[in-house]
Amino acid sequence: MKLLFVCLGNICRSPAAENIMNAQIDQAGLGAKIVCDSAGTSSYHVGDSPDRRMTESLKKRGYRVQGRARQFFPEDFAEFDLILAMDGDNYRNILAQDPAGQYHHKVKMICDYTEKFGDREVPDPYYGGQAGFEHVIDLLEDACGNLLTSLGKELVN
């Protein structure tokens, strides 16, 4: 199973989701069955490391942070089993790269997997303060945990 997390620039939300999910996958012993990556719908930050503020926030919670920003491309539809958008704008931008709708069934909103929060989108913390980064991590921990539970059931069946 291959998962792709997607936000705008691939320096805050989607790399956070990728690194949180990787930690949860490792903890569940599913590293051989689930592979994660992340991308951005824009090319603003291609090649950059994750945002320093997000990296610091993740490390404070014990996460290992790795990865470099890359852009989402139409080839990703065939490469990944599930593509998880952080917000509605990115969801629509992803779908726009598949005009025939062949892969629309693979694209979901990450917040569809949250249970503890009412948020329908993961807000972009880039221009906000520290509390915004913490809220994003809280949302993603919840969503990734529930997603992993769902995938674990699929992988067993």
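Positions of Cβ are set from backbone N, Cα and C atoms, glycine also.
Taken from Swiss-Prot, the feature active site, nucleophile covers Cys7. For the recorded site, Cys7 (active site, nucleophile), the DSSP three-state label reads strand.
Within 10 Å of the C-beta atom of Arg13 (active site) sit 34 other C-beta atoms, taking all shown protein chains into account. The annotation active site is assigned in Swiss-Prot to Arg13 on the grounds of similarity to another entry.
Annotated active site, proton donor per Swiss-Prot: Asp124, in sequence order, evidence recorded as similarity to another entry. DSSP assigns Asp124 (active site, proton donor) to coil in the three-state reduction, outside any helix or strand.
Between the alpha carbons (Cα) of Asp124 (active site, proton donor) and Cys7 (active site, nucleophile) lies a span of roughly 9 Å. Note: the CA-CA distance between Arg13 (active site) and Cys7 (active site, nucleophile) rounds to 6 Å.
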